[in-house]
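Peer 1: Just dropping this structure here.
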């Protein structure tokens, strides 16, 4: 055992002590030096000064110590006032390590894990990033990430990675990073796609993980684990012996309200007890799936009999000797365990889940200490630690050393024994960092090699290639070479390692990537081919000359002359010549060649291309900008800014603009153009006397608000975010001035409006003020006078401001103030000063606390009742803050409402999907929001009428509701779009103008795929779900008859089909077709149209089994069918109209035999004879909502029950997924006394 040095004694004891009131204090000494307690103990040099031959002394004075008490009260008080970031940093680094692990980047994952361990071992509160300076395993990149998290509440890395399919798929149990990557390469990007191809792509464990994917991700309430605990104890008692013990550990044992999974540990003197215990749970059907199972571990998916959600449960068997250590280790917390293990190492022993070990001299392996530990308390006692109950094992601060009294039988904190083993470990730890310095040296030398050949012989070599290849040069290639440069920088930046000191070995693939990039110089214009490339056709056969002119306007003139169109049918390209005096080429422009070809469109300017992309985005949604590059998206934003600030007409609505800009900032965070505010002013330019920044937005569904509140303690001024045009009014000069914001630095002088606005002037002898406000028009005035002429109030305001003349509209303009720039006073005082100066002041209030719910309620209230249009709430910390460049950190804009079950979101697209009957159903795509702990990106759009009447399109703001397990749906529309986004294919409305139907259903590949899938799944054919059907169609078998007639050899040509799959699918098709009744074939075929399935066809065949072959005229058949209960005129007509279609289908499929014997053996007799009319479900009407249970469906068929879609007075029972669900059907059932049951309850009672 190693003896503790005097230096270590000092650190151990002083960190847990406080100065006795009878002796001098460390505090005074450290105050003189400007140091804290930890500063005093920071370096070995300082510590050694405090030691005199084993007796602990301070310089010049000795102190007496009291165990386990704080050292310096003043320091503690200061720390209490500061936020503690230890746990926050650990959580962020944990997420980073997990993320890297899921990506397969195990090197970076290890770096982040080591950084976590460093922070876990820091006992004092971390109150700023600077507290991590000099700490091992924490480099500058890690500190940058932690800083970013504190400032924004998230990391760009998290936001970027969370939407990647690899991350989503790796959350499935059993799917690691390599498998996730493989799945994506095979075209799997969603859980739904994987479920369609699971038989082909996943093993048994992965399929189980996929089956219960949603359940496993859901956290488990403590009350539910209590139920599991009772159930496990009952099973345990049946097989246990007197020496057996059992415990659920993990966060549950620490008193957590929810847990991610359940961990149970069992010990016994009978090793067979473990397998018996597991068998009991299997017999009770508590264990649904066994993921892996051995003699000491069994990982399962379990579900309580009365619960709907399955859970991950891990059972572990351990020997009685190791049981206390296993319980201690798996109880946690992780930080508590890390610090406890570190303390054990200082004592010369190592601690893990199996026991305590020490390395004796002369022994190669560590040996278990020769002590019997009956429970956890024995372990604490051995390590001289105060025993902590599981609920108190929070973090490293929970580890408290007891006042030590050295026992002759146990190691001591002050005299631990032999020191050599621990010294060897410490020596190794000190030497370990040396090897990484060698790669560093290599990395420093490598860049010098490419930098040496400054005479760029290598770069010159590609020049002749570039000039020689395009004899008729195609200049766009030159442009493409130039564009990727920013991307190179981005890639290079991404490959910077987070903490190079921690990475001893870098993979060879990274080494090649990290080599410096040699940029080839651009070829000069003079070296281009003699024939210039000109954006118009060249006339005449004159000689060619190139004149370089600096002014770009003359270059534009070249494009003005329009040449006569070539004759029809001319496809031959020719180069015509322009006389020398007409040719003007700017050296700043890239040279182009245009050949005579009427099929080629004229090249767009960047401005016109940007406008075209804006138009396409408004038509197609976010999917359009997802296909654009950084330059194109940036030009869209610049053009929109220019139109917004310098013209009367905007190119995009605010919400459309926000969608594009937020997408761009997320994808291109380093683009400087995206950080600019406003747009350059084109007229009446003036440098603003003070900069006018914009306001950062905080997303309510992130932790950003919590992070901001931890930095700014309040109180807070809340004010309306006015939706007008921002301006500045100054009276601190010789005469009052009025400005618009422009780009924040250069604005527009609009002082001529002061004649109309009549803003307050400064009084004689007083200093003037500088205030900010919003030019705006009241909602009521706009509705009364202008709504038919202008799209929105802000467009009208922008037009008034940019107009050269004053007219009647100017009289309706208001200037509402919200900030005082000069003098510098705190926000609440600014509001009072503005009011005292007789300015119109924005609606505001002062509060002491903030929450998302409070801001959401306030936003709804102000938006509804305030006289002006607003688009958010401005939150400002009510303290003095100096003005700096950039957006203020002490304030933010809150723009979206959110609560536990409802949130507002912007619509980014409306997707129209055709059903098997050709009905187009809308699916509304929104900006991702978190609601009830779930990320939501889509909501049902109900039908075409709902989308059209509510103007749901790009930029609309909608309210999303998600209650329990209910699919998210649109509650209402807060802000409609300018136009609803309707389908871009040919369609027509139904007679009721509710639904939209494809014009040409038969030609739509999506409809065909769904129709084929529905047919085979309707007959329960194995292996023919959507994914496999798509592959079969791709192989050329694109109809039901074609697939039915496929041979095994045909299936071999289908992608992904192997022998086993071929045999299964081929056999299943023919077995199911042979067993299927005529009724089942008719229902599955979908030939009778929408709404006519098995429930409608059954009574028709019951009444008229030969209806398909009867000789009556169609009108007579319709009359017959109308007499059947439940068959109306529309159903009867639709059925009769499609008889010929179905008969043709039967023939094409070779299933005419299904018609044989219809007359001789009426269908109705077959059904009646098989039913037990005394069964309680006979002819009873059952409705299922939000659940489809096959056992119930099959049971109703067997006993003669009827399954309905809609609830009514004849409904016998309503079957629901869970009784917590609330819907219109459950409300109707409750009001009319209709029993409501879960599938399990219904089956238990009736089937």
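From the backbone N, Cα and C atoms, a Cβ is placed for every residue, glycine too.
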Peer 1: Labelled region 'Disordered' by TrEMBL, one stretch among 533-552, 553-572, 573-592, 593-612. Can you tell me which?
Peer 2: 553-572
Peer 1: At a C-beta cut-off of under 8 Å, are there same-chain residues at least 6 beyond the domain 'Helix-hairpin-helix DNA-binding motif class 1' (167-186) that contact it? List them, or none.
Peer 2: 99, 101-104, 161, 194, 197, 201-203, 205-206, 208-210, 212-213, 216-217, 291, 312
Peer 1: With a Cβ cut-off under 8 Å, give me the same-chain residues at least six positions beyond the ends of the domain 'Helix-hairpin-helix DNA-binding motif class 1' (1119-1138) that come close to it.
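Peer 2: Beyond its ends, the domain 'Helix-hairpin-helix DNA-binding motif class 1' (1119-1138) has Cβ neighbours at 1087-1089, 1091-1092, 1096-1097, 1099-1100, 1103-1104, 1107, 1112.
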Peer 1: Do you know the mean pLDDT across the domain 'Helix-hairpin-helix DNA-binding motif class 1' (130-149)?
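Peer 2: Across the residues of the domain 'Helix-hairpin-helix DNA-binding motif class 1' (130-149) the model's pLDDT averages 87 on the 0 to 100 scale.
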Peer 1: Using DSSP, how many residues of the domain 'Helix-hairpin-helix DNA-binding motif class 1' (1049-1068) fall into helix, strand and coil, respectively?
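Peer 2: The domain 'Helix-hairpin-helix DNA-binding motif class 1' (1049-1068) comes out at 13 helix, 0 strand, 7 coil.
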Peer 1: Counting by DSSP secondary structure, give me helix, strand and coil numbers for the domain 'Helix-hairpin-helix DNA-binding motif class 1' (130-149).
Peer 2: 13 helix, 0 strand, 7 coil
